[in-house]
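Structure first, then comments.
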Amino acid sequence: MSTIDSFSEGECTTSQGCDAIDLIIDPRPKDLGGFSVRRCLPVRERRSVGPWVFFDEMGMAHFPAGKGVNVRPHPHINLATVTYLFEGEILHRDSLGSHQPIRPGDINLMVAGKGIVHSERERDEVNSVPHSLHGLQLWLALPDADEEIEPAFYHYPSSDIPAVNLEGVKVGSFQPSCPKYYA
């Protein structure tokens, strides 16, 4: 149903004034060992969007007790990852000694730089009962001049991220206090 008075059900027109959308990407499933993500980037037609080189949606996934996310330790170099959850919890551990649960509304920023090893798992308390997970993980290519910086990990709890509720929609503003190209 439309609120436009001049709309005719059989009429379909093409806009000549909008060229902002040049590609629609259908996310494809990517198995991560018993857990699937919907990957939007990269695709053959678009390797990146600006510095963003991977865009993964995790879930919505529902796990029975004893099953869940168990991404074993693996290395990264020359990039940063941003993890944001809508539902569930993941435990981030890395070679810097970080041991941080991420929960809905939190933001984790891992800067791999010259190299970091990390894992993403669920705490035993989460894994021992049926649970769900839904979130995003975005990968950012570091600028050439910063590819070999020291690795770092930043956690921003949801309680520290300013937000307002507009007609039932939570709108937040996030600008981390870390290296210049993330601000």
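For all residues, glycine too, the Cβ spot is worked out from N, Cα and C.
Copied from TrEMBL, the annotated features are:
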type	residues	note
BINDING	HIS74, HIS76, HIS118, GLU120	Fe cation binding site
DOMAIN	36-140	domain 'Pirin N-terminal'
Helix, strand and coil counts within the domain 'Pirin N-terminal' (36-140) (DSSP): 4 helix, 67 strand, 34 coil
Cβ-based neighbourhood (8 Å from the centroid) of the Fe cation site, residues HIS74, HIS76, HIS118, GLU120 excluded: VAL71, PRO73, PRO75, THR81, ASP94, MET110, ILE116, VAL117, SER119
Same-chain residues at least 6 apart in sequence whose Cβ lies under 8 Å from HIS74 (Fe cation binding site): VAL117, HIS118, SER119
